[in-house]
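Working notes, beginning with the structure itself.
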Amino acid sequence: KKCIQSEDKKWFTPREFEIEGDRRASKNWKLSIRCGGYTLKFLMENKLLPEPPSTRKKRILKSHNNTLVDPCAVHKKKNPDASVNLSEFLKKCSEMWKTIFAKEKGKFEDMAKADKAHYEREMKTYIPSKGEKKKKFKDPNAPKRPPLAFFLFCSEYRPKIKGEHPGLSIDDVVKKLAEMWNNTAAADKQFYEKKAAKLKEKYKKDIAADRAKGKPNSAKKRVVKAEKSKKKKEEEEDEVDE
């Protein structure tokens, strides 16, 4: 009975390897696995091992979407460099679905049922990805990024527009401000652009000063903590001696 050796030099029976493969699939599926001289590719092609379960959730094709799957594949084979517009593809599927006869529809409905059954089988081994992006820590005391010239213009004229048109939605207010900004003369825009440039320079200086201060590293913190605990222990011992 042949055993399978993984890249980390562990040996498994075929069944154990199948279970272990399912467990590792979502993290890292190694291709350099040996089984009595056979490559993993050979084992997969001959269906001696199951393919690792997908970590990405798949969708089921609806019946009418199957109507153009084969023609689309043929077109792709003949024109490998040509791109397929997804929205146009789906429109054609829907149009063809309305025009074909009931007997022909049955063929595609069967394809959809088979696809659904395949989807349900795959979902039994589906392992969702556990990779979560850690949120970057934002220092609340860090210098705030300065606004652009347009936003300085908006902050000045927004209250005026809201006063004149109290029923306007936020989107409409923004559109009106954008129109006003576009119609403003270049000479008048310079006032806000110069103000924005000054704020940007101040921001750069504040950032440089903030970085120059630096933060005490963790090693230094540990040393200080150790010294404090040592001092506290010595004080307690002195109290006991007294």
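Positions of Cβ are set from backbone N, Cα and C atoms, glycine also.
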Motif 'Nuclear localization signal' per Swiss-Prot, picked from 37-54, 91-108, 163-180, is residues 91-108
Secondary structure split (DSSP) over the DNA-binding region (143-211) reads 56 helix, 0 strand, 13 coil
